[in-house]
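Q: Below are the features listed in TrEMBL for this protein:
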- A:30-140: domain 'PurM-like N-terminal' (DOMAIN)
- A:D32, A:S47, A:D77: Mg(2+) 4 binding site (BINDING)
- A:D32, A:D77, A:D212: Mg(2+) 3 binding site (BINDING)
- A:T48, A:D49, A:D124: Mg(2+) 1 binding site (BINDING)
- A:D49, A:D77: Mg(2+) 2 binding site (BINDING)
- A:H56, A:D263, A:Y317: substrate binding site (BINDING)
- A:G123, A:D124, A:R148, A:S214: ATP binding site (BINDING)
- A:D215: Mg(2+) 5 binding site (BINDING)
There are 2 protein chains.
Amino acid sequence: MPAGEFALIARYFASAACAAAGEELALGIGDDCAILSLAAEQQLAVSTDTLNQGVHFPAGADPRLLAWRALGCTLSDLAAMGAKPVGFTLALSLPEADEAWLTAFAEGLNTAAQQYRVRLVGGDTTRGPLSLTLTVLGRVPSGMALKRSGAQVGDLLCVGGVLGQAAAALPWVLGERLPEAAAEGLLHRYWQPAPQLALGRALRGRATSAIDISDGLLADCGHLAKASNVLLEVDSARVPLDANAVALLGAEQAQACALRGGDDYRLAFTLPLRCLEGLQAEGYAVSVIGRVRSKQVGGALELLHNGRRETVTQGGYQHFQEPTDG
Amino acid sequence: MPAGEFALIARYFASAACAAAGEELALGIGDDCAILSLAAEQQLAVSTDTLNQGVHFPAGADPRLLAWRALGCTLSDLAAMGAKPVGFTLALSLPEADEAWLTAFAEGLNTAAQQYRVRLVGGDTTRGPLSLTLTVLGRVPSGMALKRSGAQVGDLLCVGGVLGQAAAALPWVLGERLPEAAAEGLLHRYWQPAPQLALGRALRGRATSAIDISDGLLADCGHLAKASNVLLEVDSARVPLDANAVALLGAEQAQACALRGGDDYRLAFTLPLRCLEGLQAEGYAVSVIGRVRSKQVGGALELLHNGRRETVTQGGYQHFQEPTDG
């Protein structure tokens, strides 16, 4: 395919509504770089995510949903820092310039970008196996970014919303189970993750640490414990589950999805007790699922599960003692 | 391959010297986002480039050179805006975690990043066909970014350095010609493009428009003419050629590489005559290759070539008249 078709695609994206200059975007698509203006006393948050066909999504995925999912996943990293989205770049590799596919993809991208009030500021469209790399740019008041480090002994460990939906949706995503109405909500969550951008901003000045749950609750709590050098305790019974996941898969499997499944794109964070009521009063669905038990160099994670206390290691679970205070 | 190996790779890059926090990088690799601090009165320049194996570089490319080339190409977009590099993200898709390949790649990336004083601030390492997407971030004093629009009637059309080297190197890059000493310099330019960052900054407040030559001189001058709504005139005899390219390929072919070959990563820009002497006195190798002849809505490009005047269209050359003033 001639390179010219890819130049056409680039112009196609440049004309999308979500690519219009304005506000913080001084110069949009069409020059060698985009130019962004940040307000005074703001820092810039940056994150990059890649989705490859056959690895991160199945072949034949609906391009509208794929666009939405790619943007949602990547924006979740901004949410975890308490940053407000400003713009994103899209690097899109395509095996061929399929107009129907591109039209649907661009529609999905435009809708999602408008929903999250973020602008497409640039990118590159090339020939290659189907792959998307998005780089998101956000702003956060100087010194106010939420980090993984910072959890304090005595803080509550909290999550926003319910967990495990995307992992519970996998049998339907992969076509292993026949479509059914009760799975629609799970599929929606898989394909259109809702990055908790408002919650992330509400956590500024309140949460002592935060992370987005993309690798699974326990894995990401492990990252948080390590970055903060604390021992975190998670009570599995307090992890909020999706009612449809429980109905479709059973409580045990739904809980496993919530603890170990990936792609939730919800926030986990540590919070002083005094800040909990305010957050809930503002309408955020925040659940307390554990606490910061003690300082521990290198971090550690313990799971209270079925009346036992287990140490969670990266490779799995290591049973070590009966609960002493649970 | 387990996802864990890719997490290891990510930590590998995080420990590279070029990923150290400091100066404008308030928070580096290891959290959900990097956090950058821009000085007051600065704008942010952003650009993304993808290199796919088999499309943008041949299979079996030296990973050290590949890293260098990817960073050099992408930084050239910052040069074209007059921006100073601050940081970049790397999205790397790899079919397998080949340690020797990764070590060499990281060495190349680290060396190039230190050479250009730019920090690796984040990224994503995933399984997939070999592909690199780099997003570069730079800063430029507010309102001073060089744009493609802005060329004024009477300005000189200039380029920095000599052109056509990367295109002239292609027979050796692709293994179509046997290695020879005289081709080394061309190969070096192909694999280690030198983005003209200092020249770009020197052009701030002087050049009226600028672009980096990645698609080929005539194609990119066409883009500049279109963005500025002017008629540009290029005199092929004034386009500076590489002596080795002339020796190896002959003058005609070396000139064709300089006019139409891609991957130069040199700057083309329009400059008021009064600014030329100052630039040259500062030591920049600037050649005047043409001028802005007149305003023209939609832009146009004319080439003075072998005593004839030709209109250059995107699809090729359209002969239309004898030169009247060349």
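Just so it is clear, glycine is given a Cβ too, placed from its N, Cα and C backbone atoms.
Help me understand the surroundings of these features in the structure.
A: Secondary structure from DSSP puts A:D32 (Mg(2+) 4 binding site) in coil. Annotation for A:D32 (Mg(2+) 4 binding site): no same-chain Cβ neighbours under 8 Å separated by at least 6 residues are found.
Residues within less than 8 Å, Cβ to Cβ, of A:D49 (Mg(2+) 1 binding site) and separated from it by at least 6 positions along the same chain comprise A:A70, A:C73, A:T74, A:D77, A:T133, A:L134.
Counting Cβ atoms from all protein chains shown, A:D263 (substrate binding site) has 25 others lying within 10 Å of its own Cβ.
In sequence order, A:A10, A:F13, A:I29, A:T89, A:L90, A:A91, A:L92 are the residues near A:G123 (ATP binding site), counting only same-chain partners six or more apart with C-beta under 8 A.
Under the three-state DSSP scheme, A:D215 (Mg(2+) 5 binding site) falls in the coil class. Within 10 Å of the C-beta of A:D215 (Mg(2+) 5 binding site) we count 19 further C-beta atoms, all protein chains included.
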Q: Applying an 8 Å Cβ threshold (strictly under) against chain B, tell me which of the binding-site residues A:D124, A:S214, A:D263 fall inside, in sequence order.
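A: Contact set vs B: A:D124.
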Q: What kind of secondary structure is A:D77 (Mg(2+) 4 binding site) part of, going by DSSP in three states?
A: helix
Q: Going by a 10 angstroms cut-off between Cβ atoms, which of the binding-site residues A:S47, A:T48, A:S214 has the sparsest surroundings?
A: A:S214
Q: Does A:D212 (Mg(2+) 3 binding site) have same-chain partners at least 6 apart in sequence with Cβ under 8 Å from its own Cβ, and which are they?
A: A:S76, A:D77, A:A79, A:A80, A:P195, A:Q196, A:D220, A:Y265, A:R266, A:L267, A:A268
Q: If you measure C-alpha to C-alpha, which of A:H56, A:D124, A:R148, A:S214 (binding-site residues) come within 10 angstroms of A:S47 (Mg(2+) 4 binding site)?
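A: Checking each Cα against A:S47 (Mg(2+) 4 binding site), there are no hits.
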Q: What is the separation, in Å, between the Cα atoms of A:D263 (substrate binding site) and A:D124 (Mg(2+) 1 binding site)?
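A: With distance taken Cα to Cα, A:D124 (Mg(2+) 1 binding site) is 26 Å from A:D263 (substrate binding site).
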Q: A 10 Å Cβ contact count, applied to the binding-site residues A:D77, A:D124: which residue has the minimum?
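A: Candidates: the binding-site residues A:D77, A:D124. Fewest Cβ atoms within 10 Å: A:D124.
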